[in-house]
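Pulled from Swiss-Prot:
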- Asp14, His15, Gly16, Lys17, Ser18, Thr19, Asn131, Lys132, Ile133, Asp134: GTP binding site (BINDING)
- 2-184: domain 'tr-type G' (DOMAIN)
Amino acid sequence: MKNIRNFSIIAHIDHGKSTLSDRIIQICGGLSDREMEAQVLDSMDLERERGITIKAQSVTLDYKASDGETYQLNFIDTPGHVDFSYEVSRSLAACEGALLVVDAGQGVEAQTLANCYTAMEMDLEVVPVLNKIDLPAADPERVAEEIEDIVGIDATDAVRCSAKTGVGVQDVLERLVRDIPPPEGDPEGPLQALIIDSWFDNYLGVVSLIRIKNGTLRKGDKVKVMSTGQTYNADRLGIFTPKQVDRTELKCGEVGWLVCAIKDIHGAPVGDTLTLARNPAEKALPGFKKVKPQVYAGLFPVSSDDYEAFRDALGKLSLNDASLFYEPESSSALGFGFRCGFLGLLHMEIIQERLEREYDLDLITTAPTVVYEVETTSREVIYVDSPSKLPAVNNIYELREPIAECHMLLPQAYLGNVITLCVEKRGVQTNMVYHGNQVALTYEIPMAEVVLDFFDRLKSTSRGYASLDYNFKRFQASDMVRVDVLINGERVDALALITHRDNSQNRGRELVEKMKDLIPRQQFDIAIQAAIGTHIIARSTVKQLRKNVLAKCYGGDISRKKKLLQKQKEGKKRMKQIGNVELPQEAFLAILHVGKDNK
């Protein structure tokens, strides 16, 4: 056991985590040169296309160190994006140490800080690494100072390397072996294994990634899931070298995969503890804190025949993604679908794209909303995650919206722009600290504003230099209203949105104008209105298509023309009473982009 090292790699987006892991795999001979490709661990097509890591991946490698010993390295590559920070905390729970990778050109950014603090809270040994020293813009001395100044860990002898060229990666491994402590645990004790991650394989059933904390797991053992009390047979187990390799046992301190032929996707929840049925452990390991979704949106299949397939797909995805929440929902405009909870907009996009690609579904998304806390006049507190669930205005005593605490790191030059943006988003400044020419800003901004387009706008006002990390702080009373969209006097539930009263006029007007462009013209006038309760705040009309009934009257008598026009008018009126308006898919998407184009 003293030769096992469990660690994960944490860093801000694009600081070179995945490239560094490629190099480590290459040096330790995990893959032959022929099988080597860039970002080996980003196995999803989606990850490769966007160049981001979404799922944490684990690898077991053997490394012969300069002291002559051979060490077993179990390492986990983690995502850098704020929406996937729960993946990071899960991975860290399985490790004793973490490599903090910092780009020697960019320096410390918000996620670097957030992930590093997560690691420190879990008492992990953090080893700083300065990456990309081959870049002309690299300034390792300044960045080392920044790490000490902002993060507060000693970086005087931080390892310098360039994952792209491979310079210094050997030193990173040596430092790892030296500084990160071996796992603790009792190899002879009753088995306790933490489930770090699970995913569904069509042939094998549920595959779980586990970290053995105490005891040993052998092939053929009967294992028990502690939260459900169910027992299964350990059919196959092994490690990833990135390839799946079968083993006969997993020892104390190791990280590996396990297949128990579990067909039910909720059979092995992430964060649960496995133990042996014949000699169970007394208590479960502390799992992970459940992450609460921050953004909710309705997902509906375009054709109602896909509903069953959609339900199965969501089940399989939620196994792989512990933070995805979903419950059935029906809408008069869109039929049956699900109300899903996500961690942020990127997460929502990724899930939708994975559903469309991996499960071949066509989906419509409604506008994302956050969770509001509503106190009714009968003093009952309810949580509302969709505009249609909001009680009538006269039943609401107080409506509270979630406030996010946003930590931003940015160069001083962009401070003015960013403050203007935060104020526009109804933010309140709580802290501001200068570190050299960087500024650390802390603002409290309503979650609804953050999830809408705050991240994109922050990046564009600061030319991409500002970085953001946010977390939920509290609920706060606020003057929020529900804006309904009426089409020919009928409410369309899928288009309602909750917004602040100050913005409601603008949002309503914009939405109505957008809808006007998107709804095709019909044989009769279509009135599109935005309303708060019964009060109409904006209206526009899609003009009817009409035939020129006077074309055949040459010169002619005025009364003849009047008669024809009158006849046409009556026909249109009759049509309007029975006519239905077909809303195109783009109309539902328009609501996602309200307030984006006019900046």
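Backbone N, Cα and C define each Cβ position, glycine as well.
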For the domain 'tr-type G' (2-184), provide the mean pLDDT of the predicted model. 74
Could you tell me which of these binding-site residues, Gly16, Ser18, Asn131, Ile133, has the greatest number of Cβ atoms within 10 Å of its own Cβ? Asn131
Mind computing the max CA-CA distance among Asp14, His15, Gly16, Lys17, Ser18, Thr19, Asn131, Lys132, Ile133, Asp134, which the record assigns to GTP binding, rounded to whole Å? 17
Including all protein chains shown, what's the count of other C-beta atoms within 10 A of the C-beta of Asp14 (GTP binding site)? 15
